[in-house]
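Structure first, commentary second.
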Amino acid sequence: MPSPTPPSGTTDGARSDVGRWGGNPWQPPTTPSPEPEPEPDRRSRRDGRSFWARCCGCCSCRNTDDDWGPRGDRGAGSRDRGSGSGSRRPDSRGSDSRRPGSRGSGVNAAGDGTIREGMLVVKGVDLLSSRSDQNRREHHTDEFEYDELIIRRGQPFYMVLLLSRPYESSDYVALELLIGNNPEVGKGTHIIIPVGKGGSGGWKAQVTKSSGQNLNLRVHTSPNAIIGKFQFTVRTRSEAGEFQLPFNPRNEIYILFNPWCPEDIVYVDHEDWRQEYVLNESGRIYYGTEAQIGERTWNYGQFDHGVLDACLYILDRRGMPYAGRGDPVSVSRVISAMVNSLDDNGVLIGNWSGDYSRGTNPSAWVGSVEILLSYLRTGYSVPYGQCWVFAGVTTTVLRCLGLATRTVTNFNSAHDTDTSLTMDIYFDENMKPLEHLNHDSVWNFHVWNDCWMKRPDLPSGFNGWQVVDATPQETSSGIFCCGPCSVESIKNGLVYMKYDTPFIFAEVNSDKVYWQRQNDGSFKIVYVEEKAIGTLIVTKAIGSHMREDVTHIYKHPEGSEAERKAVETAAAHGSKPNVYATRDSAEDVAVQVEAQDAVMGQDLTVCVVLTNRGGSRRTVKLHLYLSVTFYTGVTGSVFKESKKEVVLEPGASERVTMPVAYKEYQPHLVDQGAMLLNVSGHVKENGQVLAKQHTFRLRTPDLSLTLLGAAVVGQECEVQIVFKNPLPVTLTNVVFRLEGSGLQRPKILNVGDIGGNETVTLRQTFVPVRPGPRQLIASLDSPQLSQVHGVIQVDVAPAAGGGVFSDARGNSRSGETIPMASRGEA
């Protein structure tokens, strides 16, 4: 069975497919900056329908919007997309007479720069933008490692204008915010706020104090404002003439969504939710199987320096209209498309092949920061990602922009390829799988995102959690994106609700249908597993490191009347609406697989329990087939099998075991050490067909992290990492990764080889830059072993001088070769 999305191929340059920008593919700078500074803005042209026309029907009418993109009759250099994230060149606005000049002196009405006596000149602006100032604290943006003003829409902020003379009541003062290439008042990309005269759409500015040449202002922003990075200027008019403050990059203002504002459609009415889903910089991501749940800590790092610019750059790179950037439905849909690289040269290249030699093994990432800064710095898609990496990066981006977002894992997640809304598995007359027909697959787990918002584009009752899935599985309106989809519509099988409800419903609540080929060539349903899909849906609990079961918000209780109604209602809208009419089977023998705690490098035993629930003796011919499997349900060839005939008396049970030695499974291991046990059988007396699939994983060791000394802002601290190789073979080309927001920028450590069953210890120093409880996360990767992680909480004290933040932004060294501090045999 092919993998859900093929590897993208190249990693030493841009993707081989030109993606969305077919006519004139975007090219990154030839010499990337070594620091994560915002990229200069560029825009390429393409022919054909835009993303918006294909992805969102309600937006297709916007193709006359000047924010939409270059036209065929414009020169390639006639527009510079310098709004959202990029640094701006002084001449990038040359043809726009509405913008002030860059830096330099102010301008008067005549535009000759003459300052006349009596004019009200703005000599300076204090946006009160430092992290310790009132604005940043009240807007919950004080953790951002930025010096610019960052505010949330729908909430007032304060500023001070330094004037050339005292402010008089007859003076006219207006604040202006501009975003995009051709700002227009009607589109919300050019905002004019007259001081003291009220405004429109929620914008207004009031004088709170006028003292000498200082004018203190309270500015109210619209709860529907566009999000992004705005230029800021001030215009004045008096009897002596008009003045306009020149543009200064230091006065740029970032505006974000505001889950603290009741008028914002992303509003969340629970402070503990906001603390967890907006402000928490780390979290847990769950993987494995329902019976063997693994967990790893992920560094979201949404407040790290450069990450906000990377998030806005993603919107720029897609060419999203600025006028549409105030709509969280549209923004989240664009993010779901852009976090994967298909169609659009987005952030991450998906790879499920097992060969990661030209990039990073998805299991080796410990956070989003390194990925996003690399994309911002180079413009190239980053190799490689799988579902939890796509979801982790999506959480970072949406939290950074102000959307309450969480990372969700669905165990036994179905991938429906034919819109039947059932998982169909086909067998021949002898119950041997017909792999050429088995296009549907069941992933051991799949990770996506929930984000919280109102849905004004849907009927009432569908506000709240919305699924967004950036993993490229199937296209939506011709684009590899998924969502936002109301969780309420999924729960009730309302698959006609946008966006992508049928696909997500099938992931969590479809049935696994076993079809057997008959002698005449037709197929008959021989077994239906009604509790095999979406068996457990979890996320990190609020305010703790515990796991929270959220299955109940996605589906009614399994087997309940409401759950069966939801499934059959959804299936009626699928490609096989009459599938449940063909069921015909007797079931008095039950089969169950016992979960085993299997450890990587050790022998294991699989066990199947048969139970006769009938009143007569039953004879079962049982077949066990064991193969390795990728977590996406793609399996390798069978490497061990067992056949046995079992006689069961009425009410009796019998255990059937199959031992498996390490040397038997070791040559076949693939990513994450998962295995698939296929159980099939036939009851002689009544013709009952037994069918069961059970996936389990081999547990890997954890890294042990120990803090050596107290952690204080601005002072060097040391951590010790200990690892024991569980395998009797040498691990080659071992790479450690270390990362933690407020502690350590992403760091790569090359440690060489680690012998079989060997224990190694290494020490690393870091300098905390922000106080409070922090998570320091590490991972280990080698060709022989992956999915090895560790984490430690670091409680950072403020600097002795009372400073809260350090000017340092964490040391970051890539590819450093680290000698082992000590080695020891097990």
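Keep in mind that glycine also has a Cβ here, set from the backbone N, Cα and C atoms.
Per TrEMBL, the features are:
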ACT_SITE  Cys387  active site
ACT_SITE  His446  active site
ACT_SITE  Asp469  active site
BINDING   Asn509, Asp511, Glu558, Glu563  Ca(2+) binding site
COMPBIAS  26-35  compositional bias 'Pro residues'
COMPBIAS  39-48  compositional bias 'Basic and acidic residues'
COMPBIAS  67-99  compositional bias 'Basic and acidic residues'
DOMAIN    379-472  domain 'Transglutaminase-like'
REGION    1-48  region 'Disordered'
REGION    67-115  region 'Disordered'
REGION    805-826  region 'Disordered'
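For the recorded positions listed here (Cys387, Asp469, Glu558, Glu563), the lowest count of other CB atoms within 10 A around the CB belongs to Glu558.
With His446 (active site) as the anchor, the candidate recorded positions are Cys387, Asp469, Asn509, Glu558, Glu563, and the one with the nearest CA is Cys387.
Applying DSSP to the domain 'Transglutaminase-like' (379-472) sorts its residues as follows: 15 helix, 39 strand, 40 coil.
Close to the recorded Ca(2+) site, the chain also has Ser510, Glu530, Lys531, Ile533, Gly534, Lys555, His556, Gly559, Arg564, Ala566, Val567: residues not among Asn509, Asp511, Glu558, Glu563 whose Cβ is within 8 Å of the site's Cβ mean position. Remark: Asp511 (Ca(2+) binding site) has Thr422, Met423, Val528, Glu529, Glu530, Ala532, Ile533, Val567 as non-local neighbours, by Cβ distance under 8 Å and separation of at least 6 in sequence. Here the C-alpha separation of Glu563 (Ca(2+) binding site) and Asp469 (active site) works out to 23 Å.
In space, Cys387 is the closest of the recorded positions Cys387, Asn509, Glu558 to Asp469 (active site), judged by Cα positions.
Distance between Cα atoms for Asn509 (Ca(2+) binding site) and Cys387 (active site): 19 Å, as a whole number. Between the CA atoms of Cys387 (active site) and Glu558 (Ca(2+) binding site) there is a gap of 26 Å.
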